[in-house]
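Novice: My questions will all concern the structure given below.
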Amino acid sequence: MPKRPTPSRTLVHVQELHDAPLAPLTTFRLGGPATRLITATTDAEVIAAVREADDSGTPLLLIGGGSNLVIGDKGFAGTALRIATTGFGLDGTKVELAAGEVWTDAVARTVEAGLAGIECLAGIPGSAGATPIQNVGAYGQEVSSTITEVIAYDRKTHETVTIPNAECAFSYRHSRFKADPERYVVLRVRFELEDADGLSAPVKYAETARALGVEPGDRVPLAAARETVLGLRSGKGMVLDPEDHDTWSAGSFFTNPILTEAECAAFHARVRERLGADAVPPAYPAGDGRTKTSAAWLIDKSGFTKGYGSGPARISTKHTLALTNRGEATTEDLLALAREVVAGVRDAFGITLVNEPVTVGVEL
């Protein structure tokens, strides 16, 4: 068992609970308790809590909005640190967000300020501090396009560091922070947005353009872009609603596979074999000769339709990419469904899907 740290004077103002349930802190509403749960509301409290855990050798779990976590039914034997810092700084087109800021609220404030660049990321659950870790993206925008710097606590050097965009190693749903999750604790994120006289950034995503009645590349009023994306997300159960079990999820559970040229050729052969010579899977250039295809398409064509499942964990009735808790599920129920989907897609198309949420105390 990990050592239970003795509370230090630096943590006297933080909220501290023992044997605290973690399920209410996740959008899945799943997972067992933590040995200790600390809620930090300032950067100093975050750093002090991290240092205390590290100095005592206590396992540490960082929790922001809880929208990207799958916590095991046995919980977490260590300190769970809930980052609840707040702060929205605006200087011209520059925006600085504290890690604990609710992301979708921050997007709304930038739209109200007339700034373009993250309006199509409206409705994504979670906190601002998670966005650079995952390189959050949707509907044609990624935060890597607008982040200028990430301020983080470096657990290796015990210093607060400022990491410029070029050193964040951003790629599809990935970054240096995700690659080395035990090293950095994101404290603040800085963005450079665009003042386009009340207009959005050029609309890149075809579905968004169709919904707006414009061509890809056009600009539209900022508020219209945000509201349209919120509508699209709501229709897929991707905007949190406690009354809608389709939103008791982590959003997209699997990342879209990126295939090499050889893998893509083998995939297309499997598609033709299974679906016929005229079948054409989704394909998007991913750089370096690679191709990205759709995880949702793979899941659907493997026989897992919307609403699939008979137990308390099922595929969303609105979107095949979301696995959901129908109210009485356990984490093991969810993982059993995820494993079934992964195995089915692998058998059908030879592609192994990779989970997007972080797993804690369990493996897929």
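One is the number of the first residue shown, and numbering goes on along the chain from there.
In case you wondered, yes, glycine gets a Cβ from its N, Cα and C as well.
Grabbed the feature section from Swiss-Prot, which reads as follows:
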| type | residues | note |
| --- | --- | --- |
| DOMAIN | 30-196 | domain 'FAD-binding PCMH-type' |
| ACT_SITE | Arg173 | active site |
| ACT_SITE | Ser252 | active site, proton donor |
| ACT_SITE | Glu356 | active site |
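Please go over these features one by one and say how buried each is and what sits next to it.
Specialist: DSSP assigns Arg173 (active site) to coil in the three-state reduction, outside any helix or strand. The number of other Cβ atoms within 10 Å of the Cβ belonging to Arg173 (active site), over all protein chains shown, comes to 18.
Here Ser252 (active site, proton donor) comes close to Ala295, Leu321, Ala322, Glu356: these same-chain residues lie at least six apart in sequence, with C-beta atoms under 8 angstroms from its C-beta.
Classification of Glu356 (active site) by DSSP places it in coil, neither helical nor stranded.
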Novice: Please average pLDDT over the domain 'FAD-binding PCMH-type' (30-196) for the predicted structure.
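Specialist: When the pLDDT values over the domain 'FAD-binding PCMH-type' (30-196) are averaged, the result is 98.
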